[in-house]
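For reference, Swiss-Prot has these:
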BINDING   Cys296, Cys299, Cys342, Glu349  [4Fe-4S] cluster binding site
Amino acid sequence: MMNRKQTVGVRVGSVRIGGGAPIVVQSMTNTDTADVAGTVRQVIDLARAGSELVRITVNNEEAAEAVPRIREELDRQGCNVPLVGDFHFNGHKLLDKYPACAEALGKFRINPGNVGRGSKRDPQFAQMIEFACRYDKPVRIGVNWGSLDQSVLARLLDENARLAEPRPLPEVMREAVITSALESAEKAQGLGLPKDRIVLSCKMSGVQELISVYEALSSRCDHALHLGLTEAGMGSKGIVASTAALSVLLQQGIGDTIRISLTPEPGADRSLEVIVAQEILQTMGLRSFTPMVISCPGCGRTTSDYFQKLAQQIQTHLRHKMPEWRRRYRGVEDMHVAVMGCVVNGPGESKNANIGISLPGTGEQPVAPVFEDGVKTVTLKGDRIAEEFQELVERYIETHYGSRAEA
């Protein structure tokens, strides 16, 4: 197990980031925040999927006015997930005009690159920090390379040009991202915001750039760090890029909260980004969220797609039931279920899982032995193998985790 970098803990409502706390999964809505009903629905969907913080855009007066109503409705429906307000350009004005918005949020996100331009930058940044202090809210100082503070970049470019051997431009840009975050954090502390109210992020869109920036940032501060590619992309590309970047950093003990910034397919479920974040952490052994289904990829021995459908059915069922099971069955998230397609690895993997089934491959007897804790307990046959195995999984959870449930 890797050793986590010790950072200063930051509390966001009931959630703790850093300071040795479990790595927090967060997400962001893509609704118009002024649409209270639509935003509430999506926040609840994300929270139900397992998001522990949900960020919402606060970009205009209508959005700022809606935030307290969103919080009130979430509370009414029993959803206590903290909301993070995402501010760009005009946050100082919105927080000044709508104090109820500030009170309803669990955290503010500030981008130093667009909090103000020229002579307005420092006063507007100071206003945002003063509101955070007034309402006792933590802040994420989130630097994005695509909206980098140009005054910081210009200063570092000038310094670089005076060197006998100037550094390459990409290296200077990476340093500018880090410098912007660290200097902004220092200014925030100078304005009265304690270190235990500050989270930092330095997001890039490239995997190698992100790794390089966070390795340097982590070595130069003990602030809690938020990890994520700023624009991961769509589909498998976005998932692979996020996994590649975050896994390298997490393996080094870097990172206290993560968000997977996937571009969703039109009409697709927004909660995919939550599932990907959870699966990165769970497959790395950093946290457990839902029982893991182990299944083989299939080959010429498994010309039927029966085992693939069963594996998908079981995984979907487990994830759907987890909000209920998490309350009733303590430890169920650590369970392993094997759904294997033939006799080559099927019995072995099934024995190593908490419960597993080895389905018949091509040319094998049409029977499916089931193993529980390494012991063969039953052999399933006929047309109801899928339904019967799902019932066995439910029974296993009830008998093995029911007694652990908290009163």
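The backbone N, Cα and C atoms fix where each Cβ goes, glycine too.
A map of Swiss-Prot features onto the structure.
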| residue | record | Cβ within 10 Å |
| --- | --- | --- |
| Cys296 | [4Fe-4S] cluster binding site | 22 |
| Cys299 | [4Fe-4S] cluster binding site | 12 |
| Cys342 | [4Fe-4S] cluster binding site | 22 |
| Glu349 | [4Fe-4S] cluster binding site | 20 |
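Each residue in Pro297, Gly298, Arg301, Thr302, Phe307, Met340, Gly341, Val344, Asn345, Gly346, Gly361 lies on the same chain as Cys296, Cys299, Cys342, Glu349 and has a C-beta within 8 Å of the C-beta centroid of that [4Fe-4S] cluster site, without being one of the site residues. Under DSSP, Cys342 ([4Fe-4S] cluster binding site) is assigned to coil, being neither helix nor strand in the three-state scheme.
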